[in-house]
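Copied over from Swiss-Prot:
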ZN_FING   15-49  zinc finger
BINDING   CYS21, CYS25, CYS37, CYS40  Zn(2+) 1 binding site
REGION    47-68  region 'Disordered'
ZN_FING   75-109  zinc finger
BINDING   CYS81, CYS85, CYS97, CYS100  Zn(2+) 2 binding site
REGION    112-142  region 'Disordered'
COMPBIAS  112-139  compositional bias 'Low complexity'
ZN_FING   159-205  zinc finger
BINDING   CYS165, CYS168, CYS186, HIS189  Zn(2+) 3 binding site
BINDING   CYS179, CYS181, HIS195, CYS197  Zn(2+) 4 binding site
Amino acid sequence: MEEQQAAAAGGGGGGGGASMCANGCGFFGSEATKKLCSKCYRDQLKAAPSSPPAAPDLVANEEEEASTAAAAAADEQLALCSSGCGFFGSKETNNMCSKCYRDHLKATSPLFSSSSSPATASTTDITVPIAPATTAPTPSLKGKEEEATAAASSSAAAAAKPNRCVACRKKVGLLGFECRCGGTFCSTHRHADKHACTFDFKKSDREKIAKENPLIVAPKITKF
């Protein structure tokens, strides 16, 4: 339709340089389509015989031959072990598998066996020193004697504890009161004002208060 409209427009315009289709269909042709219109040129291409696919067949034949040759080479390389163990051998190992070839080298080559023997010998000769077990030191007889002497002295000191009042010499026994000045007194003379006490209670209290309430002083501010 577009070509017919173009032809009508050309005819109405008084003619042009475009030539008619060589098949005489009434449409215009061009040099690019061998003086045919687009429809006739497309039909001509469809009617033309296709070229035989010779090249793909040749490529397929070459690939098949190459795969056959590779398979044959692989079959030659994967020959069975000459020792008859059932595994595959190779030309590099005298047509033997790796295990049979290694056993063959061990049996025939003294260097191979001697190179492996020092390694085993060195591993077997290594000895690990074991540290002797440490035992806990037992207390000596001298220590026991010292402990017994200390216990005896403490019991003697307890037995020698005075059981009489220092002021009136009254026997107090275990009910005596010990003053901080070091003496033992009865219930009558147990207070500091009832006997000549030499202990400074005020000083002791001041030291105790100072110890329990330390003076906290903030550090001085350094001016720059």
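Placement of Cβ uses the backbone N, Cα and C atoms for every residue, glycine included.
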Sequence-remote partners of the zinc finger (75-109) [C-beta within less than 8 Å, at least six residues beyond its ends]:
none
Residue among the binding-site residues CYS25, CYS97 whose Cβ has the most other Cβ atoms within 10 Å:
CYS97
How many neighbouring Cβ atoms, not counting its own, are there within 10 Å of the Cβ of CYS165 (Zn(2+) 3 binding site)?
21
For CYS100 (Zn(2+) 2 binding site): DSSP state (helix, strand, coil):
helix
Cα-Cα, whole number of Å: CYS165 (Zn(2+) 3 binding site) versus CYS181 (Zn(2+) 4 binding site)?
13
So if I measure Cβ to Cβ from CYS100 (Zn(2+) 2 binding site) and keep only same-chain residues at least 6 apart in sequence, which ones fall under 8 Å?
CYS81, SER82, SER83, CYS85, PHE87, GLY89
Have a look around CYS186 (Zn(2+) 3 binding site) and count the other CB atoms within 10 A of its CB, chains all included.
20
Of the binding-site residues CYS168, CYS179, CYS186, which one sits closest to CYS25 (Zn(2+) 1 binding site) when you measure Cα to Cα?
CYS179
Secondary structure at CYS40 (Zn(2+) 1 binding site), reduced by DSSP to three states:
helix
Between CYS21 (Zn(2+) 1 binding site) and HIS195 (Zn(2+) 4 binding site), what C-alpha distance do you get in Å?
156
